[in-house]
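Student: According to TrEMBL, the ATP binding site annotation covers Gly12, Thr13, Gly14, Lys15, Ser16, Ala17, Arg118. For Ser16, the entry in TrEMBL reads Mg(2+) binding site. Per TrEMBL, the feature substrate binding site maps to Asp34, Arg58, Gly80, Arg137.
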Amino acid sequence: MKSNISLIGFMGTGKSAIGRNIARELGYKFLDTDRYIEEFMGMTIAEIFTTMGEKSFRELENQMLKKIITKKNCVIATGGGIVLSKENRDLLKHTTFVVCLKATSKTIYYRTKRKSNRPLLGTQKPLKKINELLKQRKGLYDFGDITLYTDNFKINELTKMIIHQYNRYSIKDKTKNKSNEKE
């Protein structure tokens, strides 16, 4: 059984906020890959992008993910670009219950416009950049066990939906494992 839940999706879809709620409700530990990297490096994500570049950041992200997924009973909020690596997608798919969170580009813009910690949006036209990145990443988020659109729901509603689906998945997975043991 997959004892961890991972939240994937573009920046601003609610991964961290919803993840904290799920962890609290289930009594799980909450881990945010971006915060984990920042603590490990002693730098912000923006500083890492500036000093090391995106390629080095993505390699670091992969190394940290490999450490994080060995833990049990965790809710993992991933960085929006973690899906750019096939290895990361495979690691998440095979070791966690994957929840894909989506939102429209306008919702993402509204949620991220006042945050200075988004290095990929450091541009004069952030909405245009969001649309470009969403287009580039089209299909990369589509490996989740479930997909939820977060635009019109409150965090508590989404938390309940995800926990319900996770519990259904866990029951189904336990039943499947027991029937495999009998064979």
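Sequential numbering from 1, following the chain as shown.
Keep in mind that glycine also has a Cβ here, set from the backbone N, Cα and C atoms.
For the listed features, I'd like the structural context: burial, neighbours, distances.
Tutor: Annotation note: Ser16 (ATP binding site) sits in a helical segment as assigned by DSSP.
Sequence-distant neighbours of Arg58 (substrate binding site) (same chain, 6+ residues apart, CB-CB distance under 8 A): Gly81, Leu84, Ser85.
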Student: Please classify the secondary structure at Arg137 (substrate binding site) using three-state DSSP.
Tutor: coil
Student: Count the other Cβ atoms sitting within 10 Å of the Cβ of Ser16 (ATP binding site), across every protein chain shown.
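Tutor: Within a 10 Å radius of the Cβ of Ser16 (ATP binding site) lie 17 other Cβ atoms.
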Student: Looking only at Asp34, Arg58, Gly80, Arg137, which the record lists for substrate, tell me the maximum pairwise CA distance in angstrom.
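Tutor: For the residues that bind substrate, the greatest Cα distance is 19 Å.
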